[in-house]
Every structure is written in C-alpha cells, then in structure tokens.
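Each remark here refers to the structure printed beneath this line.
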Amino acid sequence: MKKITLVFGLIFLLSSSIAESDDASEAYVETEEEVPTVDIPYKSPEILEPSRVYFSEHFDDPAEVEKRWVRSEAKKEGISEDIAKYDGEWKIESPLRDGLIGDKGLVLKTQAKHAAISSPLKRPFVFQDKPLIVQYEVTLQDGQQCGGAYLKLLSKSSQPLHLEQFHDKTPYTIMFGPDKCGGDYKLHFIFNHRNPINGSIQEKHSKKPSERLEDLINDKHPHLYTLVLNPDNSFEIFIDNKLVNSGTLLDDFMPAVNPPAEIEDPTDKKPEDWDEREKIPDPAAVKPEDWDDDAPAQIIDESATKPDGWLDNEQPHIADPNAQKPVDWDSEMDGEWEPPLIDNPACESAPGCGTWEPPLVNNPAFKGKWRAPLIDNPNYKGKWRPKLIPNPDYFEDKTPFKMTSVEAIGFELWSMSKDILFDNIIITEEITIAQQWAADTFQKKRQKIAKDSESVIEKLASLTVEYPILWGVYILGLGIPVVLILYFCCRPSSSNAQKKEKEDLQRQAEKKKTDEASENIEDENVDEDETGRGDQENEDEEEEEEENEKEEEQASTSEKAPEEGTRKRKVRKE
C-alpha cells in the first residue's frame, strides 16, 4: 500500500508540473524534492552452525561488544613519545549514510593516531584439513588519504594472550585487507611462514589483484572483503563477491615459500682472461688517408656579407635607464649594484647591432673521429656467472597452508582519515556460512543503496513489474495532462474570436461599399446639399432611389456591372 501511495504521489506531482508549465502567465519557483529513502528490513544475523564458526561479530549490541573487544594500551616502539601511544578512539555507531535501521559497526573515529583493538576467537583455528574463510566489511566513510583498513589474525603462542598490549610487533599469522598511501592502492594478503630448519619467520606477500582498487576505496560505500584459503595451498580473494585474486601459496607469493635448491657460489671469482666482449674492433682495418679527425663540424661561411644598416656602434642590450637601486641594497653584502639589461631600442628597426660576425655552416669535410668497424670476437666466452652450489639453507615445504594457529583477531591501524567503519566479521571453515552471513548483512546494505539511488522512472518501472495494475493508473494519470495540453494549445482564444468577428464585419462593410444603392444615396445627398433642393425634391429623389435599388438588385443577380454603372448615371441625369 505504501508503494502504491508513493506512485500516486509521484504521478500527481508530474501532472501538476505539466499543467503549471502550460500557464505562461503564472510564475513559479522550481524546487528539488527529496525522495524518501527505502527501508530494507534488517535484523542482526545469526549463525546456524556455530560448530563451524570460530568468530563472528555484527557489532549491533554495544554492551556485548564492550565485553568481547579490548582496546590496546600499548606504545609503539621506535617513534616519538607524543605519538607512540595507541590512543585512537573506537566507537560503536550507526553508519553516517545508507544505514539499515538497527545496524551498527565498529568505527575508528580519529585520524593521524595509532589505534588498536582486538578480540579472542571462540576457539583457536588450527591449520589442518579445513579451509579458512575470513570475511568482513569496510566502509571508508570519509574516504582514505593514507592508511590501512586491514585486519590481523593473531598467532597462538605458549604464553597467555594479553590483548591490552596488542601492538605492531605482536605476532600474527595472516594480515588481510585494503591499504592506501598516496597513489599506491593495495589489497594485502600476507602470511608469516616459519622456516622448518631454523624456525625463523618471514613475511610472504601475495601478488597484486586484477581489480582496480581506486574506485572501491574512494566511493565511500561499504565493501565486502573475503579470503578463502584451502588446505591444498590454493587461495581466492573476493571483493563484493567478485573474484579479484587467486593462486597458490607456493607459486604466487614474494619471496617464494621454498628457497632455490642451488645458489651461486659466493667464493667463485671471474678469471682474469675471461673475455665477455661479443664484438671487437677489426684489427686489420686502416684509416683512409683523406680522413681528417680534426676537421670541425662547422666552418665560417665565407660567402656571407654584413647586412645593410647593421649598427656596429650599438650594443644589443643596454642598462635599463629607469632602474633604481633597491633601498635595502647592501653593497658590502650584495656587491656593487648594476641596473638590469634591456633590449636596445635603437636596434629594433635595424637588422642587427654590435660586432658583426659571419655565420657558421656545416663543414663538408667533417667525418668525425675514425673508428675501426666491429667484428665478432674470436675469444668471446659468454657472460660469466658464478658456479652453482647446493643451497645450505634449502628446504621444501609442500604444505605452507599449515601455518601457526590463530587465537585472536584485531585491527592495528594508523590512518589520515577518520570514521572508518568495520562490520560483520566472520571466520569460518564453510564458505556457504560466510555467504549466508553476507546475504543477511552486506547484500541488504547494497540493496538499500541501489534502491535509494534509483531514479523516479526506475522506481516506477520496478513497481510496475510488481504491480501490473499500475498501467491503468499511468494511462489515467498521464492521459489527463495530455488532454489538458491539447485543449489549451488547440482551443480558440478570445482574441482570435474577436479577430474573426472583426473580419466578418469588415467583409460586410466591403460588400456595402460595392452596393450601388448606397452609393447613389450618398451621391444624391451630396447633390441635394450642393443645389439646395427643397423637401419635395428630396421625396422625389427617395422614390427614385427605391426604384433604382430594385433595378440594381435585379442587375446584381444577372452580374452585369457595366449596365449597373450606366443605370446609375441615367438616374442621376434624370
């Protein structure tokens, strides 16, 4: 019912605007009407299979969030004391725009400050035979100038977990999410790999995604980031459910997980007689006798003559006579002041000024420095490379998926933009659970944004598909304005009617002007006035005129204008 009411309202506004536009005599002010936003039903998502979920957070209950999440009180090492503290502000808030009723998120309110917050998993995730799916939403509500919006999966250790001391050096297993600084847009997927020989940890960075990230980071809309990591070492990364990166842990990370089996011998040295030159000058070549190495590239043009009017005694540039030494000029500090040079006005109309010198031309005898042509080097041995030896640090890890177990999740960030919103985090081993979680949350947000951004025509079209009976409403609603337009455009105006009446009167008047009886009356009246005839004569004239009118009517029916003229003259003579 609400949708139908909206349609009738839109049609009424459309009809009113059309009708008012036809009345040119009335002025109006055009205003932009705000279309009400569409309400998409929302409720906090629920996990149907808790045994397959290791972490889930929708942030809709601020009291529960305060219980589960811990703000860091640590200090970052190696930087100035005034910015070392993790004092960025975290709040639970609704989105600034396009939000669903009841939906909230974790918001980093401050900018240019270190901020860290974390929460333990329901139970640790152990990398064995189950896939790892990490999914969360990011909304850069104020855009992003420089900073990250990634999350970290904190590694499990033998020591108790102290999340209030979470900082940049806290061991993590996986870092995943968007990052930007300047024109560098990134989507991180980094995992820490443990060397099975010496136990050292090294970061491995995935290749760049195929999707352009500029629009996603700058549009200020919520975006869904999903990482799928499988026990067979394959991975997939999705943005808004669209695949943007994929590969394997063994082949698509830098540096590579497994080192090379052989390396160059660091003690090997190139022999002194090793010749790496592919080409050498021909030792049998001889310079031609007429080859002059010292011939200049250009010589003076002997045929040139000084142009007429050349001013030898004038300089091309002279000191500016209007220049004045600055008041603050210090001769001891700045040196002797000299006025700046300007073009000599005396040279403007002359072909040149100063000492004339003939121009230079290319030297036909110039050949440059002679060099012998190159030939193949008979002693060439190729590019020297150190010999390869077995790599003492070589190992082969065929299952890099088996990483250090994860026991907590956290955001450890620094950003030049504020109001970064995180929402609907889930860590699970089943992709369908993550998809359903996104359908209950992210998809509804995108649906609301799409609905709110629809134009009036698009709204009417979608409603028409849902309610075909609206076609009748459209016909009535649009038909009435069309009829009114045609009526007002095609109806005869009062001025046109008056004009037509005038034309009819004028035609009647013209007919009377061509009526001989009326002309005779006018002529006879003029004759009477001129001759001063009496009343008796006037009565005689009237009788004659009546007879003449009868004759003229008969004559007009026979359409003989010349005879009528003759009759008029006869009557006047009589």
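Even glycines carry a Cβ here, placed using N, Cα and C.
Note that TrEMBL annotation is computational and uncurated.
What TrEMBL lists as signal peptide is 1-19.
When other Cβ atoms within 10 Å of the Cβ of C146 (disulfide bond) are tallied across all protein chains shown, the result is 15. Taken from TrEMBL, the feature disulfide bond applies to C146-C181.
Per TrEMBL, the feature region 'Disordered' maps to 257-324 (among others).
According to TrEMBL, the compositional bias 'Basic and acidic residues' annotation covers 266-281 (among others). Taking Cβ pairs closer than 8 Å, the compositional bias 'Basic and acidic residues' (266-281) reaches residues 371-377, 379-384, 386-387 in its own chain, all 6 or more past its ends.
If you look up TrEMBL, you'll see 469-490 marked as transmembrane segment.
Among the features that TrEMBL reports, region 'Disordered' is placed at 498-574 (among others).
The compositional bias 'Basic and acidic residues' annotation in TrEMBL covers 498-516 (among others).
What TrEMBL records for 517-530 (among others) is compositional bias 'Acidic residues'.
Under the heading compositional bias 'Acidic residues', TrEMBL lists 537-554 (among others).
Proximity of C181 (disulfide bond) to non-local residues of its own chain (separation of 6 or more, Cβ distance below 8 Å) is seen for C146, G147, given in sequence order. Broken down with DSSP, the compositional bias 'Basic and acidic residues' (266-281) shows 0 helix, 3 strand, 13 coil.
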